[in-house]
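Once you've had a glance at the structure underneath, I'll fire off some questions.
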Amino acid sequence: MDQSNRYANLNLTEKDLIAGGRHVLCAYIMKPKAGFGNFLQTAAHFAAESSTGTNVEVSTTDDFTRGVDALVYEIDEAKQLMKIAYPIDLFDRNIIDGRAMIASFLTLTIGNNQGMGDVEYAKMYDFYVPPAYLKLFDGPSTTIKDLWRVLGRPVVDGGFIVGTIIKPKLGLRPQPFANACYDFWLGGDFIKNDEPQGNQVFAPFKETVRLVNDAMRRAQDKTGQPKLFSFNITADDHHEMVARGEYILETFADNADHIAFLVDGYVAGPAAVTTARRRFPKQYLHYHRAGHGAVTSPQAKRGYTAFVLSKMARLQGASGIHTGTMGFGKMEGEAADRAMAYMITEDSADGPYFHQEWLGMNPTTPIISGGMNALRMPGFFKNLGHSNLIMTAGGGAFGHIDGGAAGAKSLRQAEQCWKEGADPVAFAKEHREFARAFESFPHDADALYPNWRGQLGLAAA
């Protein structure tokens, strides 16, 4: 059935839709399946399925219903581009406080339309949120400024937070885990649970929390510097998440503001993120995106992009989210990922298709991880243009030839190298931990700095 007369209006302009302030706009790359309707007909069916329609006309439809139809307002068949305007009144609101929910946004914009028989594939690349709808989202309650404050740094341009993930990701018992934390904290700032770490039978949660608390206090006494830890509180059950969070805060007591809560936001979903955001508004909310590649990977033709995921995370209230390494690490990514970093940190930013004003909503910190080490960091900072972020290097710290503390120091020295605009190999001659990173990661050293062996001489022997 051709629904383009009802669910498409190509006379609408994006400028007028934005000025009207009553529509969420979404940009998709879509390909119709052969043997069905043309591009516009398929796009209109997509809009119908995403809002008020189905595959047939129904007798219960009235004029009001038609007034909240989603509408295709722009297509470019050559680029497989379609843009759809969704009236904000379509989206569900909480009955307790009238707030918006990402679950409803996803259900409409990327829900049943992903399984339509006449669509070969469709993937969301960007979306725009008007002020009236934006104001209904929680947004972050804490930011990197809160972490900088704990660390005793300026709250403007407080700089690089040197972090790690304790490796191996699974298999360490509580005491060896805490020992690794102590070792890293002698040189670094921030440690996070890896996403599967929790309450394994060989590493009971409460015992691990107590020992990490002890390790943090000893490291702070030894270095005279505050330390940070991000605990995984992800669970299927809301009550389990709250129980974990409350136990952690009770245990760390006067160091409670040194604690972030990590939530596996993709696998556990918006409900888990909102549970952490609302029950623990004073804690830094660390959004881990494990599993997201199933839909965000460039190889995936359905779903949505990592850019879209990150933008949704800011709306939900994530204080920080993993944003990849812009092609400088081991995970999929590209230099264009910096647009994602700007979208979640700035108050006014351009996406692939839409400009977004955030109206003062708190920013979300880019958290960088995935195959990073000190040798890759100067180029990463140069591409991004600043170092106001958290970086969690697992192998990049504990793979250092002199151990976790030296690995942490090498990462901090990498930021110093970039800030000074120094040649990394020349810089290494005066900074032992950074120099030893060349020996620790020789494959990267050969690829990035081909003549390093001769230039460093005995330092690289």
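Note: Cβ is positioned from N, Cα and C throughout, glycine not excepted.
The annotation substrate binding site is assigned in Swiss-Prot to N112, K169, R289, H322, S369. The active site, proton acceptor annotation in Swiss-Prot covers K167, H288 and is backed by sequence analysis. Annotated Mg(2+) binding site per Swiss-Prot: K192, D194, E195, in sequence order, evidence recorded as sequence analysis. Swiss-Prot lists K192 with the feature N6-carboxylysine. Annotation comment: Swiss-Prot describes K330 as site 'Transition state stabilizer'.
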Rounded to a whole angstrom, what is the largest C-alpha distance between any two of the residues N112, K169, R289, H322, S369 that the record assigns to substrate?
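Roughly 36 Å, rounded to the nearest whole number.
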Fill in the CA-CA distance, R289 (substrate binding site) to E195 (Mg(2+) binding site), as an integer in Å.
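Here the two Cα atoms lie 9 Å apart.
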What does DSSP assign D194 (Mg(2+) binding site), in three states?
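SS state of D194 (Mg(2+) binding site) = coil.
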What same-chain residues, at least 6 away in sequence, bring their CB to under 8 Å of the CB of N112 (substrate binding site)?
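For N112 (substrate binding site), the qualifying residues are E49, S50.
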May I ask for the distance between K167 (active site, proton acceptor) and S369 (substrate binding site), taken between their Cα atoms and rounded to an integer number of Å?
13
Within 10 Å of the Cβ of H322 (substrate binding site), how many other Cβ atoms can be counted across all chains shown?
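Its Cβ has 27 other Cβ atoms within 10 Å.
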Could you tally the C-beta atoms, other than its own, that fall within 10 angstroms of the C-beta of K167 (active site, proton acceptor)?
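K167 (active site, proton acceptor) is surrounded by 18 other Cβ atoms within 10 Å.
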Please report the number of other Cβ atoms within 10 Å of the Cβ of H288 (active site, proton acceptor).
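27, counting other Cβ atoms within 10 Å of H288 (active site, proton acceptor).
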Quick check on the binding-site residues K169, K192, R289: which one has the highest count of other Cβ atoms within 10 Å of its Cβ?
K192
Rounded to an integer, what is the Cα-Cα distance in Å between H288 (active site, proton acceptor) and H322 (substrate binding site)?
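Taking the Cα atoms only, H288 (active site, proton acceptor) lies 6 Å from H322 (substrate binding site).
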Near E195 (Mg(2+) binding site), how many other Cβ atoms are within 10 Å of its Cβ?
20
By the DSSP assignment reduced to helix, strand and coil, which category contains S369 (substrate binding site)?
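The three-state answer is strand.
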Taking the center of the Cβ atoms of K192, D194, E195 at the recorded Mg(2+) site, which other residues in this chain have a Cβ no more than 8 Å from that point?
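Close Cβ neighbours, site residues excluded: I165, K169, N193, P196, Q197, S230, N232, L262, H288, A290, T392.
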When a 10 Å sphere is centred on the Cβ of S369 (substrate binding site), how many other Cβ atoms does it contain?
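So the Cβ neighbour count for S369 (substrate binding site) comes to 24.
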May I ask for the distance between H322 (substrate binding site) and E195 (Mg(2+) binding site), taken between their Cα atoms and rounded to an integer number of Å?
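For H322 (substrate binding site) versus E195 (Mg(2+) binding site), the Cα atoms are 12 Å apart.
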Name, in the order they occur in the sequence, the residues of the same chain whose CB lies under 8 A from the CB of D194 (Mg(2+) binding site) and which sit 6 or more residues away.
I165, I166, K167, K169, L170, N232, G394
